[in-house]
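Okay, so here's the structure we're looking at.
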Amino acid sequence: MTALPEGRPEGRLDEPRAPATGGLGLRTRRAATNLFPPLLSAVIGLGLWEGLVRWFAVPSYVLPPPSQVVLELVGEWQYLLTELGWTVLAAAIGVAIAISLGILAGAAIALSPTVDRMLTSWLVVIHAIPKVVIAPLFLIWFGFGVQSEVFFVVTFTFFPVVVATITGLKSADPDVLQLVRSMGATRQQVLRKIMFPSALPIILSGVKLSVSLAPVGAVIGEFVASNQGLGHLLIRAVGDMDTALAFAAVTLFSVFGVLLWRAAEYVEGRLLPWHPSQRGDFKPGQK
């Protein structure tokens, strides 16, 4: 038998090696493919909006055309970015506090039946209270300013993290837990090596939901307890019948929310490179 050259698999002696192709071009094409549908829908939607507003001569104080909103964004960009900065600050501090406390509280409830019985009912009762109802109390307790906004964000974003942490930790495979315990693993080792890693995808889902709610909590806090931020800007713009400025603020708010969500997705991808949702292995309809 003829000896095969080292490093060449059998059956491929005469096949030329495939030239190395750069992944940059593939990634660029994939990104363009993913961006095209939303960009097309945005162009169509904005075009219809502009055309209908001008066709029916809708007053700008009722519904400004997109072109006027863009002019407002360009003309007032310094003012808008300054107010956005206050909203970002309150949202970032509040969601950081909520995630930290939510994971700790969820872990305590999931790991201790006593803590579960003590805290769960209280958390459900507090979460069921409409947030706007307690706005005057926050104003009394924390004063007028960014501190009240932060606590508003915490009340909006705390509960999803708690629920996700409890669900994730209680979803660990009982057979695996029994196996590692029979091998002498301590409680801390079981939590650190088995329960928390298996719960991480669910916990991060709760974190993503909380991150998406953080700007909402910040803006509502600015409605009632602040003289700065996008929420306060919206109140002033509506009071002055400056609807174009209000739409500009809403546009910035939407962009901020999308960027937060993308940042959370990026962190999720970095922490869960092994998960099927990040590798692209999950394909609905295929066995």
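A Cβ is built for glycine as well, from the same backbone N, Cα and C atoms used for every other residue.
Summarising the annotation, TrEMBL assigns compositional bias 'Basic and acidic residues' to 7-17.
Residues annotated as domain 'ABC transmembrane type-1' in TrEMBL: 84-264.
The annotation region 'Disordered' is assigned in TrEMBL to 1-23.
According to TrEMBL, the feature transmembrane segment maps to 35-57 (among others).
If you look up TrEMBL, you'll see 84-110 (among others) marked as transmembrane segment.
Annotation comment: TrEMBL describes 122-144 (among others) as transmembrane segment.
Look at TrEMBL and you will find 150-169 (among others) tagged as transmembrane segment.
Annotation source TrEMBL lists transmembrane segment at 243-261 (among others). Same-chain residues lying 6 or more positions outside the transmembrane segment (243-261) and placing a CB less than 8 Å from one of its CB atoms are 60-64, 68-69, 71-73, 76, 80-81, 83-84, 87-88, 91, 208, 211-212, 214-215, 219, 230, 233-234, 237.
Sequence-distant contacts of the transmembrane segment (150-169) (same chain, at least 6 residues past either end, Cβ-Cβ under 8 Å): 90-91, 93-95, 97-99, 101-103, 105-107, 109-111, 123, 126-127, 131, 134-135, 138, 142, 195-196, 198-207, 209-211, 213-214, 216-218, 220-221, 225.
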